[in-house]
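Participant: To start, I am sharing the structure in question, which I have written as structure tokens.
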Amino acid sequence: MNRIGVFGATGRVGKLLVELLGSDENAKLSSVFVRKELDFSMPPGALVTNDYKTFLEGCDVVIDFSLPDATAALLETAMQGHPKPLVIGTTGLDAHHFNLIHEASRQMPVLYATNMSLGVAILNKMVHTAAKALADFDIEIVEMHHRHKKDSPSGTALTLAESCAKARGVELDEVRVSGRNGNIGERKSEEIAVMSLRGGDIAGKHTVGFYSEGEYLEFVHTATSRMTFAKGALRAAKWLAKQESGLYGISDALGI
């Protein structure tokens, strides 16, 4: 039985993880990290705390859907004598956070993914193949999320853009375009555009388009419920609990 710690249990995905663990036969919720008062009930026996060390000591595997600074503090505490397998789904991370993730992965297994769904994992492989095969096609990526999402573009959109850039042997920072306005001239052939839309309660929609003269190809993934992210994260946690120290992605956990 995997004892799961949910870090960021009051968030949208965190709440779903708590719900999911209440009925799972092979894992149980053992510890929960929160910074504010809970407005929902926890399963009997679950430890609720705002202390990083206590939280880590109360579980075997951690699933983190929180905020960048909280993720950084979690990683730092884990590296100070409290290593645990860490599944990190927090988005909006910067270079400092990624350095911490790489450093932590030397001491414990760490799985980082901007999206935990099986569909997006497949999509990522498909767009990599398409970007390489359709070398002279223009790439445009559009992501849409609910009005409350704080980071833009989405982590998933950036992951997809990075996959396309790697397929073409270029650095994303050198070719990425995140908006167009005014008399900017013609589109440069090497551009990889990443555009963001916000509105309503959309869980997540990503469109990756490859456009040429006479034809175009579009890949679309739509998440109709955030529960798909929770299920993917729990599946990843069960897999990660058996792994050695190192840095992993969701494709590793899914075996694709």
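Indices start at 1 and increase along the chain as displayed.
Every residue, even glycine, has its Cβ placed from backbone N, Cα and C.
This is the feature table in Swiss-Prot:
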type: BINDING; residues: G8, A9, T10, G11, R12, V13, G89, T90, T91, A113, T114, N115, M116; note: NAD(+) binding site
type: BINDING; residues: K36; note: NADP(+) binding site
type: ACT_SITE; residues: H145; note: active site, proton donor/acceptor
type: BINDING; residues: H146, G155, T156; note: (S)-2,3,4,5-tetrahydrodipicolinate binding site
type: ACT_SITE; residues: K149; note: active site, proton donor
Participant: Counting only other Cβ atoms and using a 10 Å cut-off, which of the recorded positions R12, K36, H145, H146, K149 scores lowest?
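Facilitator: Counting other Cβ atoms within 10 Å of each of the recorded positions R12, K36, H145, H146, K149 gives the minimum at K36.
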Participant: Return the member of K36, H145, K149, G155, T156 nearest to T91 (NAD(+) binding site) in space, with distance defined Cα to Cα and candidates limited to these recorded positions.
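Facilitator: Out of the listed candidates, the nearest Cα belongs to G155.
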Participant: Rounded to an integer, what is the Cα-Cα distance in Å between G155 ((S)-2,3,4,5-tetrahydrodipicolinate binding site) and T114 (NAD(+) binding site)?
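Facilitator: If we compare the Cα positions of G155 ((S)-2,3,4,5-tetrahydrodipicolinate binding site) and T114 (NAD(+) binding site), the gap is 5 Å.
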Participant: According to DSSP, does the residue listed as 'active site, proton donor/acceptor' fall in a helix, a strand, or coil?
Facilitator: strand
Participant: Say we define neighbours as other CB atoms within 10 Å of the CB. Which of the binding-site residues T10, T91, T156 has the fewest?
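Facilitator: Ranked by other Cβ atoms within 10 Å, the binding-site residues T10, T91, T156 bottom out at T10.
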Participant: Cα-Cα separation of H146 ((S)-2,3,4,5-tetrahydrodipicolinate binding site) and R12 (NAD(+) binding site), in Å?
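Facilitator: With the alpha carbons as reference points, the distance is 12 Å.
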Participant: Just name the winner among G8, G155 (the binding-site residues) by count of other CB atoms within 10 A of its CB.
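Facilitator: When each Cβ's neighbours within 10 Å are tallied, G8 leads.
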Participant: Other than H146, G155, T156, which residues of the chain come within 8 Å of the (S)-2,3,4,5-tetrahydrodipicolinate site, judged by Cβ distance to the Cβ centroid of those residues?
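Facilitator: Other same-chain residues with Cβ inside the cutoff are T91, T114, N115, E143, H145, K149, D151, S154, A157, G204.
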Participant: According to DSSP, which of helix, strand or coil covers T156 ((S)-2,3,4,5-tetrahydrodipicolinate binding site)?
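Facilitator: Reduced to three states, the DSSP call for T156 ((S)-2,3,4,5-tetrahydrodipicolinate binding site) is helix.
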